[in-house]
Amino acid sequence: MFSKILTKVIGSRNDRTLRKLRKIVDQINKLEPQFESLQDEELKAKTIEFRARLEQGEDLDSLLPEAFATVREASKRLYGMRHFDVQMIGGMVLNDSQIAEMRTGEGKTLTATLPCYLNALTGKGVHVVTVNDYLAKRDAETNRELFEFLGMTVGVNVPNMPPQEKKQAYLCDILYGTNNEFGFDYLRDNMAFRAEDRVQRERYFAVVDEVDSILIDEARTPLIISGPAEDSSELYIRINTLIPQLVKQDEEDSEEYRGEGHYTLDEKGKQTHLTENGQEFVEQLLKDAGLMEEDDTLYSPANISLLHHINAALRAHVLFEKDVDYIVKDDEVIIVDEHTGRTMPGRRWSEGLHQAVEAKEGVKIQNENQTLASITFQNFFRLYDKLSGMTGTADTEAFEFQSIYGLDTVVIPTNRPMARNDMGDLVYMTEAEKFAAIIEDIKGCSERGQPVLVGTVSIEKSELLSNALKKAKIKHNVLNAKFHEQEADIVANAGTASAVTIATNMAGRGTDIVLGGSWQADVAKLSDPTEEQIQAVKAKWKEAHDAVLASGGLHIIGTERHESRRIDNQLRGRAGRQGDAGSSRFYLSMEDALMRIFASDRVSGMMKKLGMEEGEAIEHPWVTKAIENAQRKVEGRNFDIRKQLLEYDDVANDQRKVVYELRDELMNVDDISEMIGYNRQEVLEGLFGQYIPPQSLEEMWDVEGLTIRLRADFDLDLPLQEWLDNDDKLHEDNLREKIIEAAVQVYKEKEESVGESVLRNFEKAVMLQTLDGLWKEHLAAMDHLRQGIHLRGYAQKNPKQEYKRESFELFEGLLDTLKFDVVSILSKVRVQQQEDVERMEEQRRLQAEEAARRQQLQHQNAENQLDDGEGAEEAHSPMVREERKVGRNEPCPCGSGKKYKQCHGKI
């Protein structure tokens, strides 16, 4: 109560921020007449002046009013577009490393030019991050003329660019590209063969467009570069033939019949588990197929690989659906992004799932992959000195932006008041009734000339609706992952009279739907148009625009509620841009996934009480509230998953930093002999301690064992026993020093024989090659640790703490092995001349090129990645037998110490 009164008196944090920024906008507006009077050359010269002032010690904040005024004036002269005051506020919010929530159509692309120009003055480079290549290229071309007029260079970062072109792009003042490409470039740079092969420079300032999509929706899935492991295609095919024989266990089955099912299905967690009966049944199938010995069991260590294949095949058959989760095109399984509805060619699910889906669809099976490098978006974007973002819908996720990224959200007011009519949800009993009502709504809009945008959650649903519209003889366009090549053209015409457009999820996001269509698109169709022709096109568009406004503006139809309220708001936000008229309504049914899994009991209870008849819909605030509560549950669960992914990746991130910094140091220095010397001493002291324990009696010394190891591992043929026999005063410390001195002397002789520069180059090559190989193996070991760590919860241990402890032990092992292997190789190898070093460098280069050719870029399946830790409310691992159901008042198996009902039982 008190906080509400306080907010009314002094305003919310958002209001106070806007009041402060409006004062700076007033300063910028006062500069406008002065900048209008400048000649073009004088305006261009401002960039040189600002850079000089920065070098003399001024900071960006003091330059901001003049820099923003410069960009506004240049935009007016080149594009005839003047930045609104609210866009100036948005630009300042971005410059302050915050998130600007700006409604659709408020000009986010133009707003971004302000902080981009200001921060590019430093010469450190600005990255504008978009959700797809099309938007990166479009925005770069849109703003290129403006930036180049002001003396800035503009680049585009897209996949498959030649390395030299990519390197040049990163040297540009302002670089547009996708989140995936920036992340993969970072990983590739840290796998580079030579320092000059790297393309990125330091990460300074990033403006993330559609920041909610990139930093939240895609944050559950890490970026992974992987390479092919062993070929097991035949096994995938043979296992695939067995899976259709398995029967799902129905949760409603009584205890008497429950044992008859072979697996349980968890739609929420996208997981399957074999029951005890299923385990026995699968074992028999494998024995009959000759894949397992008669007296063997599925869970014996020798059959871990079989279990992995069974689990992957089962998930492929019962959880992953064609035209929803993936499409089959040109004999290839292509993943469909669940957030954007776009296909992701070249991306593959991990853990053998992709191969299992390929076996299921009967297409060519590609080799399983091994992780070579990996990072989450959270940890990648936190590498930037300054990070900011803009979107139409961020306020619902403001807490997550603040807690994960340290970014505050500021809601920017619209330039004109919002005029869209958001109508209440209509809920039907069946999907068929829902689609019939949608068709009727579309017919009505089409007859009165009102354009309609229909949002669906999957390709399958968009094609189902498309077929229904064809039967009703209603002309329409489909915008989904299968047809995104025509995306810009379809979106450009989506606002024309009577246009009906079906869009999967958020396909087409980032492109405004203009009422009456796009006059620019019509002008682009003309070859070398005259000014008269352009004016004629504009006049024709104005008539069409006014007619569409009179019909009610763009009407949005949602065919299902998404898991996140934010994505529903994004769909609604396509209508009512810049104060235009518009409307929106969601049509739901009790058969929708969200309703079925999360909201069915409460809502269906309401509908039964009301005595619903076929074709009748319910529209009530209670129903809308129940649906929003279901969405909040899912949002909370997804936040937990993302937070958990980050907590686990933070452990790996600390290790990644150490390895990448070491690698960076190795590539940038010419002489690592001092490092090799320290390592040699440490390794020999460690080996000495194994055979001659500290402060021990001579009877406990294993001199013979030490002699053998020194000869075998370090090519040191030392008469240790003879030394001891001939010198009574030779004790433990003296002997250790004598061995180290002998090793140093032998290495010095090697250096003299081959030459100092040859050996320095060889040391560096050996160190890098060994580090890369061990890091790859370490990543595989970390993956395996992650997959089984959640089982520690059953032993009353905290999985997260166990993961930290064991991963630290693994990493210590990696560093110890690195030192030992490098010292051993350098001691044993016979380097004759520079050609030997060059041969090794060439071999390493060829291996690197071959690995690069065979690399797969993955955005790993999130649920598959997160089979662990406290966030895993189910027993995800196939190695666990079906456990009894956890009581609501019992301790949660995750190891948090809370009761189950207060922890994962809430979800």
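Here the Cβ of each residue, glycine as well, is placed from N, Cα and C on the backbone.
Taken verbatim from Swiss-Prot:
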BINDING   Q87, G105, E106, G107, K108, T109, D512  ATP binding site
BINDING   C892, C894, C903, H904  Zn(2+) binding site
COMPBIAS  836-853  compositional bias 'Basic and acidic residues'
COMPBIAS  873-888  compositional bias 'Basic and acidic residues'
COMPBIAS  898-907  compositional bias 'Basic residues'
REGION    834-907  region 'Disordered'
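G107 (ATP binding site) is surrounded by 19 other CB atoms, counting those within 10 A of its CB over all protein chains shown. Cβ packing within 10 Å was compared across the binding-site residues E106, D512, and the lowest neighbour count falls to D512. Around the Cβ of G105 (ATP binding site), the same chain contributes D512, G576, R577, Q578, D580, each under 8 angstroms and 6 or more positions distant in sequence. Same-chain residues that are not part of Q87, G105, E106, G107, K108, T109, D512 yet have a Cβ within 8 Å of the Cβ center of the ATP site turn out to be M102, T104, L110, T111. Neighbour density at the Cβ, taken as the number of other Cβ atoms within 10 Å, is lowest among the binding-site residues Q87, T109 for T109. Across Q87, G105, E106, G107, K108, T109, D512, which the record gives as binding ATP, the greatest C-alpha separation is 17 Å. In three-state terms derived from DSSP, D512 (ATP binding site) belongs to neither a helical nor a strand segment and is classed as coil.
Taking Cβ-Cβ distances under 8 Å and a sequence gap of 6 or more within the same chain, the neighbours of K108 (ATP binding site) are G90, A100, M102, D209, M390, T391.
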